Amino acid sequence: MTVNHADLANAVRALAMDAVQAANSGHPGMPMGMADAATVLFTQHLKYDPEWPEWPDRDRFVLSAGHGSMLIYALLYLTGYEKPTLDQIRNFRQLGSPCAGHPENFELPGVETTTGPLGQGLATAVGMAIAERHLNARFGDAVQDHHTWVIAGDGCLMEGINHEAIGLAGHLKLGRLNVIWDDNRITIDGATSMSTSEDVKARYEASGWHVVSCDGHDAASIDAALRAAKADPRPSLIACRTIIGYGAPNKQGTAATHGSPLGAAEIAAARETLGWHHAPFEIPADILNAWRTSGARGTKLSADWKMDAAKAEGYADFLTWLDGSALKAAGPALKAHIDALIAAPQTVATRKASELALGAINAAVPNTIGGSADLTGSNNTLTKGLGTLDAANYGGRYVYYGIREFGMAAAMNGMALHGGIVPYGGTFLVFTDYCRPAIRLSALQRAQAIYVMTHDSIGLGEDGPTHQPIEHVMSLRVMPNVLVMRPADVVETAECWAIALENTSGPTVLALSRQNLPQVRTAANENLSAKGAYRLRAAGAARKVVFLATGSEVQAALNAADQLEADGIGCDVVSMPCWELFDLQSDAYQADILPEDALIVSVEAGTTVGWERYTGRKGLRLGIDRFGASAPAEALFEKFGLTADAIAKAVRGKLA
Ligand SMILES: Cc1ncc(C[n+]2csc(CCOP(=O)(O)OP(=O)(O)O)c2C)c(N)n1
Ligand SMILES: [Mg+2]
């Protein structure tokens, strides 16, 4: 028997409905509805090699509608990836199966990015498309020349981040980005007509996109639309009209298929409707073979690429970008920079210190891509000679993201996950809230995105409480797998940058001051920030107090310690740029820094919640547990009791 399109697509539908039924949990509607479009994409358009999932020039495929995870698991299995196995699909959503509830990039090669939080997959794909164009500009067609494909649902298009993402993609003319919209007019609550009247296609067109429509259950129509998308120089939206849960005769077209098992009776009826007379998880050999043959097309494509790419100029460099070794040049560059600072100390804001460090980094490391969400001059993220990355020059290394913090953060994830690029981007620390869902996905996905977050406290002054972070540093510390760093001076800032570049398996957030800070480090034989906390100055008199300070409060703690020492109260001053790294130190080291017999005093111009972890309940926590105020910085530090005088006074009161 010859295998036709419907057989291929029905294999996807069957695996999806049977796996969801077995798990008694999951989302059959989306994979069943999009089975036809995905089959056309994977058998006729997508460039990939199941035997070499990391092929650097593969098309990137992003299932932005991550709840339809069974779609990608079915496709990976059918096309011949090593994983998931049929057994792993049988164990969909169970502990130990890589077929997680939503696709996880660290579980399965072929899953390019973790999706599920609606809207972010598409926004991440924008970053992948930027990375592709950049690498193409730097290394040429033979090395990098691929598409980025997205399947997105109504939810992905309805989320606010979609506006940011498509605005950026349209502006940058990312013609190799193609989004297939599962236009089924259904979400969880029911018909989309209950909640939206938007003309989605007009919105995309207004954002500079090419829009094409197709019948999502007609292979020829889908194929024609995908061809049109590839041919058009603009990013494309392929509006793919589908029926959710296609094939389930009584439930299709309704929200009932969105997120619940179909049930045994409906599955039996679907088998009849689809003409799929096979047991659960059984894919007939001829159909599996047809899928595998299709997947095997990639073997020759990737082998040809390897031969051609190897001949291209710069290919050896390209490999160092991919494996991260290009980053190593940052080490000596930062070391030289720090040595110069020790020889000639500088009083600068740590945001300026970051710019100085970046000057050394960007000159030595070729594959950083910087940017800011419209605060370039404030975030100090632009260094000499980077050039603007835009539609006229994809080879530039600096992106003007516009006022799109969330879109920027998601795009950085996309660049990091694409590979070959180390992205950093800036905004005000208070607007990490606008980036937060993407920072969370950087952390979950182990993506090296570096967040340059300036104006890190009341020290920013006159802009007032809307712009003054209070809970932000602490709330980021609470997130797993994020290095949150608040350096005290120009030397620590350089050290923190070195750490951020070495932190290849997660994001780093740098919290940087607007105001000038004196250089507190006079020696730098080793990267002390890497210990998370270290004794900056030991007590002169008998030690009674240990100050645990971060960022701009380190200088205030030093000055307070001077006053106390004058009265015979010995004070260690510990600078603590990074909690997470301190927590990794040995018990002995931690005990030495935080002795039991001293009063531990935390000083940080932010919430005191959480500092009990180090001060103990009997310690003293100096910070700000309310919103700030609008005034010059000095007046605010005075008002909130974070001057040297106020700190010394509080300590005396506690010791009395
Ligand atoms: C940010 C976010 N909000 C809410 C959800 C919960 N959620 C999962 S799917 C979904 C509806 C999505 O509708 P659509 O994209 O049209 O998917 P379809 O029902 O067509 O499969 C919602 C609200 C989520 N995953 N992410
Ligand atoms: Mg929908």
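Glycine is treated like the rest: Cβ placed from N, Cα and C.
In TrEMBL, annotation is done automatically, which means it is predicted and not curated.
Neighbour density for GLU405 (active site, proton donor): within 10 A of its CB lie 27 other CB atoms from the protein chains shown. Per TrEMBL, active site, proton donor is recorded for GLU405.
In sequence order, PHE428, VAL430, HIS455, LEU460 are the residues near HIS467 (substrate binding site), counting only same-chain partners six or more apart with C-beta under 8 A. Residues annotated as substrate binding site in TrEMBL: HIS27, HIS258, ARG351, SER378, HIS455, ASP463, HIS467, ARG514.
Spatially close to PHE431 (thiamine diphosphate binding site) yet at least six residues away along the chain are ALA373, GLU405, MET453, judged by Cβ distances under 8 angstroms. Secondary structure at PHE431 (thiamine diphosphate binding site), taken from DSSP and collapsed to helix, strand or coil, is helix. Here TrEMBL flags HIS67, GLY116, PRO117, LEU118, GLY155, ASN184, HIS258, PHE431 as thiamine diphosphate binding site.
The Mg(2+) binding site annotation in TrEMBL covers ASP154, ASN184, ILE186. Counting only same-chain residues at least 6 apart in sequence, those with a Cβ under 8 Å from the Cβ of ASP154 (Mg(2+) binding site) are TRP181, ASP182, ASP183, ASN184, ARG185, ILE186, THR187, THR192, THR196.
Here TrEMBL flags 348-519 as domain 'Transketolase-like pyrimidine-binding'.
Counted within 10 Å of its Cβ, the other Cβ atoms near HIS27 (substrate binding site) come to 26, all protein chains included. As annotated by TrEMBL, site 'Important for catalytic activity' applies to HIS27 (among others).
Close to HIS258 (substrate binding site) in the fold, though at least 6 residues off in sequence, lie HIS27, GLY29, MET30, HIS67, ILE186, THR187, ILE188, ILE244, GLY245, each with a CB less than 8 Å from its CB. Per TrEMBL, site 'Important for catalytic activity' is recorded for HIS258 (among others).
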Completion exercise
Rounding to whole Å, the Cα atoms of ASP463 (substrate binding site) and GLY116 (thiamine diphosphate binding site) are apart by 36
Problem - Nearest-integer angstrom distance between the alpha carbons (Cα) of GLY116 (thiamine diphosphate binding site) and ARG351 (substrate binding site) - result: 34
Exercise for the section: Determine the most Cβ-crowded residue among the binding-site residues LEU118, ILE186, using a 10 Å radius around each Cβ and all protein chains in the structure. Expected result: ILE186
Problem - Listed in sequence order, residues not in ASP154, ASN184, ILE186 with Cβ within 8 Å of the centre of the Mg(2+) site Cβ atoms - result: GLY33, GLY153, ASP182, ASP183, ARG185, THR187, THR192, THR242, ILE244
Practice task
Give the sequence-ordered list of residues that share a chain with GLY155 (thiamine diphosphate binding site), lie 6 or more positions from it, and have CB atoms under 8 Å from its CB.
Solution key: ALA65, LEU118, GLY119, THR187
Problem - Close-lying binding-site residues around ligand 2 among GLY116, ASP154, ASN184, ILE186, HIS258, where CB distance stays under 6 Å - result: ASP154, ASN184, ILE186
Problem - Euclidean distance between Cα atoms of PRO117 (thiamine diphosphate binding site) and ARG351 (substrate binding site), Å - result: 32
Exercise for the section: Could you list, ordered by sequence, which of these binding-site residues: ILE186, HIS455, HIS467, have a Cβ under 6 Å from ligand 1? Expected result: ILE186
